[in-house]
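Shown next, in structure tokens, is the structure this report addresses.
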Amino acid sequence: MVDTVENAWATPDAEQPWAELGLKADEYARIKEILGRRPTGCELAMYSVMWSEHCSYKSSKKHLSRFGVLGDQTPRGPLLAGIGEQAGVVDIGGDWAVTFKIESHNHPSYVEPYQGAATGVGGIVRDILAMGARPIGVMDPLRFGPLDAPDTLRVLPGIVSGISGYGNCLGLPNIGGEVLFDATYAGNPLVNALCVGVLKHDDLKLAKATGLGNKVIMYGAATGGDGIGGASILASETFDADGPAKRPSVQVGDPFMEKLLIECTLELFAAGIITGIQDFGAAGISCATSELASAGDGGMHVDLDTVVLRDPTLSPEEILMSESQERMMAVVRPEDVDTFLGICAKWDVLATVVGEVIEGDRLFIDYHGERVVDVDPRTVAHDGPVYDRPSARPTWIDALNADRAEDLPRAASGAELAEELLTLVGSPNQADKSWITDQYDRYVRGNSVLAQPENSGMLRIDEETGLGIALATDNNPRFCLLNPYLGAQLALSESYRNVAASGAEPVAITDCLNFGSPEDPDVMWQFIESIMGLVDGCRELGTPVTGGNVSFYNQTDGVNIHPTPVVGMLGVIDDVADRAPMGFAYPGDAVLLLGE
Amino acid sequence: MTRVGVVTFPGSLDDQDARRAVTLAGMEAVPLWHAAHDLEGVDAVILPGGFSYGDYLRCGAIARFSPIMTEIVAAANSGLPVLGICNGFQVLCESHLLPGALIRNDRRTFVCRDQTLKVESRDTVWTCAMEEGQEIEIVLKNGEGRYIADDETLARLEGENQVVFRYLGVNPNGSSNDIAGVTNARGNVVGLMPHPEHNVEALTGPSLDGRLFFDSLTQFLSARV
Amino acid sequence: MARVIVDVMPKPEILDPQGKAVTGALQRLGFTGLTVRQGKRFEIDVDGDVTPERLDEIRDAAEKLLANTVIEAFDVRVDAE
Amino acid sequence: MARVIVDVMPKPEILDPQGKAVTGALQRLGFTGLTVRQGKRFEIDVDGDVTPERLDEIRDAAEKLLANTVIEAFDVRVDAE
Ligand SMILES: Nc1ncnc2c1ncn2[C@@H]1O[C@H](COP(=O)(O)OP(=O)(O)O)[C@@H](O)[C@H]1O
């Protein structure tokens, strides 16, 4: 039997598996307080995913707000969208704007390297697309355990071919990234993916549902039981005595579908018929409906029976939580629905009207003719818990810093020095990375002015004027372990230098904050220090933070990874013909050393 | 003006690049949609790179059956110049306009590199402006670019001057006889794995050798008139 | 619902890089004396009964689409189970 | 020489983009009412006899190498022919 709102009123004391869904007792109590009754199974599903660390940023929100002091001015003009939107948007001059963002897919890539990395690329590309932009490039900062560790052998080939398989198939040039091997990532590789897109100022799209009577359309892949481990618990509680059908714990990406989704969405944009749009990230329909509805000026009504399913045995809770890839949600005026569906048909993209914008400010969801969700969407999307977790300067950090490299024995002879040099240049971190980067298409779209092995990736934006952008990502986790404040600033300044060295003016950053468990005060301290380092550094450099991603709980057997705040720097260059490639260009040129 | 059609299949990726290359060569690029039965009177056709239909079954296997291919096969058989680049080459083999097949690289990964090629035959529409034995540098990027054919076919291709390009230095994918590109008996249909359209601008490509393909087309078309 | 299986294998005289790689990998893992060829398996759920005509139709589809007969051989059969 | 067949298929609950693409292509070609899932088939030539132990070994190899059991299921059997 479906757990309806009516049923929730009638059975206030029914047991619910909130703890299994990752909610704390006080969070569950808070949900009841918000609703004035116990949640239905569907509501519980929605709150539990949306209030998870991953979606709600409950441990980091408080600290990320510090980025706010940086304002929205870049050296080239104001941000057109900043933190809080799906991705930041930077005015780069002329009529052009660029949107870029970095995101992590660490845990899924550990479980299933190929699909984890592939869907990581897919997810960030949809974020960029949803801003109204054409995605034009990707980058992939990667961190692995030691090159010869068995687990590295297991995860590395899959991760690299996942990124290559998905990114190449989308036709997005891979213009840079990192590969770093360090024992700290054994058993917890980091897969960060950055996507950059381009748009005209007027094309900017925001994720909100406005306009009474406007239709809510889901399009892209059908909904399957992907990534809904948690919701299966609910299904078993409320439905089937035999327990739910097996649900996959991993998502499988379909890059061809995503390519169609991109072209189809761009054509929809061009037709001028999209009033609001959102990609499906984690938390699927729960996320898309509650975020669209709470950002808009009305309420929303959704009929779950209209959602096209790949697996007909899905329960309503599971439909709401499914993380099936390659899906989008758009809000469209009723008179434009036919045009919308026509464009989707042209691209062979499934599309269905699943709901509409209604009066008031509630989000209603029906299933089999009964109401299963009746919530204020803001409470789902934005009023999640905010934690001020304890933080403390680690007791070990002074000892670690006292153990200085300068105390190590020095090479005593030329031969020893030569030996050291060989070891250094032969180490996996210094060695040529083309065994990885050659698996990525860096030429597609024909605008890659710089890619590997250059300091930064550079893309031409405007073929007439030569206006272009440069991007670099950087982080050294060992520096960050020694001093997370300075380590973050080092990452920031390295990416700044890499962009500047290629001839572009650095303008703004995105960041991916990969850390251990936020429940460990040492980690929380590292996290806060890194943010403060970035804030102070960015203020000095005049480069605001446009958005980013936090990945906590990166640990193996209870041991946290070294703090790894990866910084992605965006630069602008007026004419890409003026780029400065690395390497010596002409015999006889003078070689200068700048700085101390 | 010479009009060159560039086909877009679902999953085509280098179609915009091919159109840009056509334009830079001073010709008119005509976008052709896979679902159309109309070649719009073009003077030549390029089947661009990409992953048509995701290339999930076999590269080019599904694209072969698109409506536009029916027209292209017929036109090619009566002499229309057709250039298949990478995925386009795969589509041409699947359509039996060119012999042989392309399978997974021997290294079993995608490979993207600046590749040196040797021009083996200038006896085609797309290479008549090149020199026999000329070395050109063209971007290569593929996962399934290993050219194979049975011994008899290979012997025939070699004997009848239908091998157009050979990999020089490195054989990046294990292709039989280092074959990078072949032509049909008539010389109007050429397929190759490397991407000439990425070698038309100094800013974005390792060489300008891709222009030679368009010079050849021009030379051929003007000689014909 | 009936099910038809189509197996597609590289022809014996054709190189099989995947099979070769798998053979090598097995050896390195200590599984010796195994030589592998790798092909594709299609499981086709057929609406309605699998009549001889329907099977011919699927054979036709295999020939046209599922296999590239330049390099692959195929086999069509009704699933035993 | 004995032969063992290992079939590897995407698990039913897992998205199968390949099968989806083939299903669509068959439809467009006019072959209707067919739903396809695409997997792999390994033909393994075994030196010596296929004893139960040998078969267990191959099962182990399938689990370790031939299938990705996170998303795929496999089946091992001695070739009937
Ligand atoms: N995972 C990756 N994906 C794409 N490009 C990469 C990746 N790793 C490294 N690169 C590129 O390879 C080049 C060399 O990398 P690296 O050795 O880390 O250089 P550096 O130490 O100068 O940053 C750079 O252009 C970098 O962007």
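Using N, Cα and C of the backbone, Cβ positions are placed for all residues, glycine too.
According to TrEMBL, the protein has these features:
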type	residues	note
ACT_SITE	B:Cys86	active site, nucleophile
ACT_SITE	B:His195	active site
ACT_SITE	B:Glu197	active site
Distant-in-sequence Cβ neighbours of B:His195 (active site), under 8 Å, six or more positions away:
B:Asp14, B:Asp17, B:Gly49, B:Ile85, B:Cys86, B:Ile138, B:Val139, B:Leu140, B:Lys141, B:Gly210
Just to be sure I understand the packing, how many Cβ atoms besides its own are within 10 Å of the Cβ of B:Glu197 (active site)?
30
Is any of the active-site residues B:Cys86, B:His195, B:Glu197 near chain A, in the sense of a CB under 8 A from one of its CBs, and if so which?
B:His195, B:Glu197
C-beta crowding around the residue listed as 'active site, nucleophile', within 10 angstroms:
29
